[in-house]
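Taking it in order: structure first as structure tokens, then the write-up.
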Amino acid sequence: MKKADILVLDFGSQYTQLIARRLREQGVYAEILPFNVSLADIKAKEPKGIILSGGPASVYATDAYFCDKGIFDLGLPVLGICYGMQLMAHHYKATVAPAGHKEYGKANIEVKKDSALFKNLPKKQTVWMSHSDKVENLSQGFEVLATSENSPFCVFGNEDKKFFALQFHPEVQHSEFGKNILKNFAKYACNCESVWNMGSFAKTQAEKIREEVGNDKVLCAVSGGVDSSVVAALLASAIKEQVIVVFVDNGLLRSGEKEQVEFMFKNTLGIDLISIDASEIFLSRLANVRDPEQKRKIIGNTFIEIFEEEAKKHKDVKYLAQGTLYTDIIESSVVGASKTIKSHHNVGGLPEKINLKLIEPLKEIFKDEVRALGLELGLSKEVVYRHPFPGPGLAIRIMGEVNRPSLELLRKADVILLEELKSTGWYDKTWQAFCVLLNVKSVGVMGDNRTYDNAVCIRVVDASDGMTATFSHLPYEVLENISRRIINEVEGINRVVYDISSKPPATIEWE
């Protein structure tokens with residue numbers, strides 16, 4: 001079992017993943033586990049500290065979430081955040097009750113006592129609150145470390161046990177010294193060293209791949225995106241002669257994607273590529289299918305069928321490698337009290353029984369870590385910083401049924417969007433940009449004639465790891481040019497709208 005410096009127990013907060021991200025950014029390997037993980041599994045990870053995340057429940061409610069009480073007897077430092085704070089207070093018989101004044105948003109705190117958490121940090125800080133319950137008193141052995149206007153027990157702790165509790169969320173960017181607080185907990189309370197980096201990760205993963213695969217061969221599924229490209233490069237660095245790289249054209253690719261992928265692997269990466277045209281199979285199976293989850297399942301099942309058929313053509317192929325990320329695992333499964341958001345085609349979209357063993361060497365890291373790993377492996381910045389493209393492709397960017405006419409409309413609009421973003425310098429400033437065909441028609445006027453054509457939505461977002469995102473504040477003139485070109489150049493589209501939703505509550509992709 002892989003060891004972790006810090007274990008984050010998930011009680012359902014939308015920010016849980018950010019806790020792990022902030023620690024990893026500082027070289028400390030953090031891993032997320034469900035709140036009800038067994039004490040034996042925790043011990044097996046040999047952590048140096050534990051963090052209890054926030055969550056939507058109340059510790060005094062009948063449906064409250066509780067971790068194993070033995071966590072507090074392991075002799076490890078523990079940090080409780082929001083719900084985790086209240087859980088710690090509740091465990092030690094302090095009073096937790098509904099807050100008369102709920103706090104959502106920015107608040108100011110003042111440090112009242114020196115502690116490991118606030119070492120080398122200012123006494124007054126701006127933090128981000130998101131709670132409707134409060135701690136009303138402290139148990140023996142605990143003392144106040146910081147206060148806010150509405151929270152006299154905003155931060156408390158027991159320095160001897162190295163137990164600390166925060167009412168606010170240090171993991172979000174709005175807490176100006178939040179990252180430093182988490183770093184201090186890891187460094188001064190848990191004695192963690194900053195040794196986690198992509199160089200060490202690449203070396204460790206290569207060793208694991210060689211050990212697991214032995215003399216067998218691996219079928220590596222690639223899409224041309226950064227995730228699968230990095231997987232292919234990592235496998236090539238570990239077992240180059242045993243890797244068979246396969247690209248499947250599922251008919252759901254962007255304009256020119258197939259040609260770009262074939263060129264990139266052959267000329268940029270120096271990796272032989274088997275290219276399979278399976279567009280007819282995918283599109284026929286997607287005919288008349290409107291439900292997004294069903295689309296994902298069909299695509300996942302079909303991919304596996306094709307890969308298994310290809311594997312039969314090669315001797316000793318026992319494994320299938322995929323570019324599954326930590327975010328895919330989180331969004332496709334129930335982690336602690338968190339709910340499934342959507343099934344990813346390479347996680348929840350897989351059939352229950354497949355004839356190949358899965359290798360997912362990136363499943364422990366986030367997207368920005370994948371990019372850093374790609375550079376570590378020698379991939380070009382052009383490859384590493386391509387915008388993410390979902391495995392199900394354009395199928396989840398078409399609302400409702402997927403067919404060739406709809407795909408053609410979407411491809412043409414998407415080409416224009418990307419051309420305009422690249423020509424104005426906005427492509428490299430944003431995380432992801434694409435068009436969504438809404439399959440909704442509206443009335444328009446072109447010349448003196450009435451039109452009744454499709455509407456397309458532009459989605460451009462800023463993010464660092466894809467777990468959260470905000471819409472990009474593109475200049476009006478850029479948006480205007482994109483809209484004008486799409487309406488004038490793509491017959492069948494007469495309306496363009498811009499998606500100004502953030503994640504959460506929306507996801508980046510529409511389906």
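The backbone N, Cα and C atoms fix where each Cβ goes, glycine too.
Taken verbatim from Swiss-Prot:
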type	residues	note
ACT_SITE	Cys82	active site, nucleophile
ACT_SITE	His169	active site
ACT_SITE	Glu171	active site
BINDING	Ser223, Gly224, Gly225, Val226, Asp227, Ser228, Ser229	ATP binding site
DOMAIN	5-195	domain 'Glutamine amidotransferase type-1'
DOMAIN	196-386	domain 'GMPS ATP-PPase'
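All features noted in Swiss-Prot, drawn onto the structure.
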residue: Cys82; record: active site, nucleophile; DSSP (3 states): coil
residue: His169; record: active site; DSSP (3 states): coil
residue: Ser223; record: ATP binding site; DSSP (3 states): coil
residue: Ser228; record: ATP binding site; DSSP (3 states): helix
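Nearest by CA distance to Gly225 (ATP binding site), out of the active-site residues Cys82, His169, Glu171, is Glu171. In this structure, the recorded positions Glu171, Asp227 were compared by how many other Cβ atoms lie within 10 Å of their Cβ, and the smallest count belongs to Asp227. Asp227 (ATP binding site) sits 30 Å from His169 (active site), taking the CA atoms of both as reference points. Averaged over the domain 'GMPS ATP-PPase' (196-386), the predicted model reaches a pLDDT of 85.
With respect to Glu171 (active site), the closest of these recorded positions in Cα terms is Cys82, chosen from Cys82, Ser223, Gly224, Val226, Ser229.
Taking the C-alpha positions, the distance from Ser223 (ATP binding site) to His169 (active site) comes to 37 Å. The residue listed as 'active site, nucleophile' and Gly224 (ATP binding site) are 41 Å apart (CA-CA, integer value). Neighbour list (Val226 (ATP binding site), Cβ cut-off 8 Å, at least 6 residues apart, same chain): Lys367, Val370, Arg371, Gly374, Val383, Val384, Tyr385, Arg386, Pro388. Residues Ser223, Gly224, Gly225, Val226, Asp227, Ser228, Ser229 make up the record's ATP site, and a Cβ search at 8 Å around their centroid adds Val222, Val230, Val231, Gly323, Arg386, Phe389 from the same chain. Each of the binding-site residues Ser223, Ser228, Ser229 was scored by the number of other CB atoms within 10 Å of its CB, and the largest score is that of Ser229. Highest Cβ count within 10 Å among the binding-site residues Gly224, Gly225: Gly224.
Of the recorded residues, Ser228 (ATP binding site) and the residue listed as 'active site, nucleophile' place their C-alpha atoms 37 Å from one another. Rounded to a whole number, the C-alpha distance linking His169 (active site) with Ser229 (ATP binding site) is 35 angstrom.
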